[in-house]
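**Student:** Quick paste from Swiss-Prot:
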- 40-60: transmembrane segment (TRANSMEM)
- Asn48, Arg103: CDP-choline binding site (BINDING)
- Asp95, Asp98, Asp116: Mg(2+) 1 binding site (BINDING)
- Asp95, Asp116, Asp120: Mg(2+) 2 binding site (BINDING)
- Glu113: site 'Increases basicity of active site His' (SITE)
- His117: active site, proton acceptor (ACT_SITE)
- 141-161: transmembrane segment (TRANSMEM)
- 176-196: transmembrane segment (TRANSMEM)
- 221-241: transmembrane segment (TRANSMEM)
- 252-272: transmembrane segment (TRANSMEM)
- 280-300: transmembrane segment (TRANSMEM)
- 322-344: transmembrane segment (TRANSMEM)
- 350-370: transmembrane segment (TRANSMEM)
Amino acid sequence: MGYIGAHGVAALHRYKYSGVDHSYLAKYVLQPFWTRFVKVFPLWMPPNMITLMGFMFLVTSSLLGYIYSPQLDSPPPRWVHFAHGLLLFLYQTFDAVDGKQARRTNSSSPLGELFDHGCDALACAFEAMAFGSTAMCGRDTFWFWVISAIPFYGATWEHYFTNTLILPVINGPTEGLALIFVSHFFTAIVGAEWWAQQLGQSIPLFSWVPFVNEIQTSRAVLYMMIAFAVIPTVAFNVTNVYKVVRSRNGSMVLALAMLYPFVVLLGGVLIWDYLSPINLIATYPHLVVLGTGLAFGFLVGRMILAHLCDEPKGLKTNMCMSLLYLPFALANALTARLNAGVPLVDELWVLLGYCIFTVSLYLHFATSVIHEITEALGIYCFRITRKEA
C-alpha cells in the first residue's frame with residue numbers, strides 16, 4: 001500500500017517549510033547556544049541522524065524510568081533524575097540543531113520535517129514516562145502524556161491549515177521542555193518524595209489556600225499545566241484555524257472533524273481502563289502510554305504527510321487505522337463485567353497485543369513513507385549526497 005499518490009509527489013517538489021518562533025528564551029538564550037553547538041557536527045553528518053540521536057536520548061530516559069520504577073510510583077535513585085534532565089536537555093538541543101545542520105549542508109527537505117516532527121510526536125510519550133518516574137505519578141503519567149499530546153496535535157492541526165508552524169512567546173518545545181528538565185535536576189536534589197507531598201508542605205506559600213494546599217504536588221502541577229498551558233494553547237490553535245477557514249469561506253465543522261480520531265483514541269483508552277478489572281493504566285502505565293503514544297504518532301504522521309503532499313482526501317479515514325484494535329480491547333474488557341471479573345483474554349496479553357499492533361502500524365508507515373519520499377526526491381534519509389538520476 002502506497003501512502004503518496006502522483007499529486008503528492010509533485011507537491012513534495014514544491015513544498016517549502018515555514019515556521020515562526022516568538023519565544024524570548026529561544027531568541028536571546030538558546031538560539032545563540034544552538035548556533036554554536038551545531039558546529040560540533042561535521043558537515044557530512046546528515047540532519048536526520050542528529051534527529052534520531054536526540055530521540056534515542058528520550059528512549060534511554062524512559063528505559064531508565066522503567067528499570068527503577070516499573071509502575072512509576074516508587075522513587076528511583078537520585079542520579080536517575082539527573083540523567084533524565086541531562087537526556088531531555090540533549091534531546092531539546094539535538095532537535096533544535098537538526099534544522100540548522102540541514103541549512104549548513106544544503107540538505108533541507110520535506111522528509112526532514114516529517115522525520116523531525118514524527119520523532120517529536122513519539123517523544124511526548126517517552127518523556128511522559130521519564131517524568132512519571134521522577135514525580136512518581138503512577139497512573140497520572142498517562143494524563144501528563146495527554147497534556148503534552150493535546151497541544152502537539154493542536155499545533156499540527158493548525159500548521160495543516162495555516163502552512164506556518166507558529167510557536168507563541170511561551171511554548172512547549174522551548175519553555176515547556178526547559179521547565180521539565182529543570183524539574184528533573186531539582187528532583188535530583190530534593191528527592192522524588194517531594195512530589196508526593198501535599199502542595200502546602202512542598203511549597204509553603206500555598207499552605208494558607210484552602211483545598212489547594214491538600215492536593216498532591218504532582219497532581220497540582222498537572223492541574224496548573226492544564227489551566228495555564230493547555231487551554232490557552234488550544235484556544236490559540238482554534239483561533240488561528242478559524243481565521244484561515246473563514247478567509248477561505250470554508251467549513252469550521254469540517255476542520256474540527258480532523259480532531260475526532262485523536263478524541264476517539266483518547267476516549268477509547270479511557271473507556272478500556274474503566275472497564276478493565278485490573279486498573280489498567282495504574283498497573284501497566286508504560287505499556288498504555290507506549291501503545292497509545294505510537295497510535296498518536298501515526299495520527300500526527302498522517303496529518304503531516306497530507307499537508308506535505310497536499311492530499312487531504314481520505315485523511316480522516318486513513319488516520320482511523322490506528323483505532324482498529326480498540327474495539328477488540330473494549331469487548332474483551334467488557335467480558336470481565338459479564339464473567340465475574342475474569343476477561344476472555346488476560347488483559348496483559350491484550351495490552352501487549354495493542355503495543356505490537358501500534359508498533360507494527362507505525363513502523364510500516366514510517367519505513368514506507370521514508371522510502372517513497374526518498375525515491376520521489378532522489379535523496380537518502382541518512383546520507384547527504386543525492387541519488388544518481
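First residue shown is number 1, and so on along the chain.
A Cβ is built for glycine as well, from the same backbone N, Cα and C atoms used for every other residue.
For each listed feature, how buried is it and what is near it?
**Tutor:** Listed in sequence order, the residues of the same chain lying 6 or more apart from Arg103 (CDP-choline binding site) and placing their CB within less than 8 Å of its CB: none are present.
Around the Cβ of Asp98 (Mg(2+) 1 binding site), 25 further Cβ atoms fall within 10 Å across all displayed protein chains. In the three-state DSSP scheme, Asp98 (Mg(2+) 1 binding site) is classed as helix.
Cβ contacts within 10 Å of Asp95 (Mg(2+) 1 binding site), excluding its own Cβ and spanning all protein chains shown: 24.
Counting only same-chain residues six or more apart in sequence, the Cβ atoms lying under 8 angstroms from the Cβ of Glu113 (site 'Increases basicity of active site His') belong to Tyr17, Ile304, Leu308.
A C-beta separation below 8 Å, combined with a sequence spacing of at least six in one chain, links His117 (active site, proton acceptor) to Thr156, Val300, Ile304.
Sequence-distant contacts of the transmembrane segment (252-272) (same chain, six or more residues past either end, CB-CB distance under 8 Å): 142, 146, 149, 153, 157, 160-161, 241-242, 245-246, 280, 288, 292, 295-296, 299, 303, 315-316, 319-320, 322-323, 326, 329-330, 333.
Residues 1-4, 111, 114-115, 118, 280, 284, 287-288, 290-292, 294-295, 297-298, 301-302, 305, 321-322, 324-325, 328-329, 332-333, 343, 381 of the same chain lie 6+ residues outside the transmembrane segment (350-370) yet bring a C-beta within less than 8 angstroms of a C-beta in it.
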**Student:** How many whole Å apart are the CA atoms of Asp120 (Mg(2+) 2 binding site) and Asp95 (Mg(2+) 1 binding site)?
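**Tutor:** Between the Cα atoms of Asp120 (Mg(2+) 2 binding site) and Asp95 (Mg(2+) 1 binding site), the distance comes to 8 Å.
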**Student:** With pairs fewer than 6 apart in sequence excluded, do the transmembrane segment (141-161) and the transmembrane segment (221-241) have three or more C-beta pairs that lie under 8 Å?
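**Tutor:** By the criterion, they touch.
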**Student:** According to DSSP, does Arg103 (CDP-choline binding site) fall in a helix, a strand, or coil?
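**Tutor:** In the DSSP reduction, Arg103 (CDP-choline binding site) maps to helix.
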**Student:** Which residues of the same chain, at least 6 positions away in sequence, have a Cβ lying under 8 Å from the Cβ of Asp116 (Mg(2+) 1 binding site)?
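**Tutor:** Expected: Thr51, Asp95, Asp98, Gly99.
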**Student:** Based on Cβ pairs under 8 Å, which of the stretches 40-60, 176-196, 280-300 lies most in contact with the transmembrane segment (141-161)?
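**Tutor:** Between the candidates 40-60, 176-196, 280-300, the best contact partner of the transmembrane segment (141-161) is 280-300.
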**Student:** Under 8 Å Cβ to Cβ from Asn48 (CDP-choline binding site), same chain, six or more residues apart: give me those in sequence order, or none if nothing qualifies.
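**Tutor:** Set apart from Asn48 (CDP-choline binding site) by at least 6 residues yet with Cβ under 8 Å, we have Asp98, Leu111, Gly112, Phe115, Cys381, Phe382.
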**Student:** Just how many other Cβ atoms lie inside 10 Å of the Cβ on Asp120 (Mg(2+) 2 binding site)?
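**Tutor:** Result for Asp120 (Mg(2+) 2 binding site): 22 neighbouring Cβ atoms inside 10 Å.
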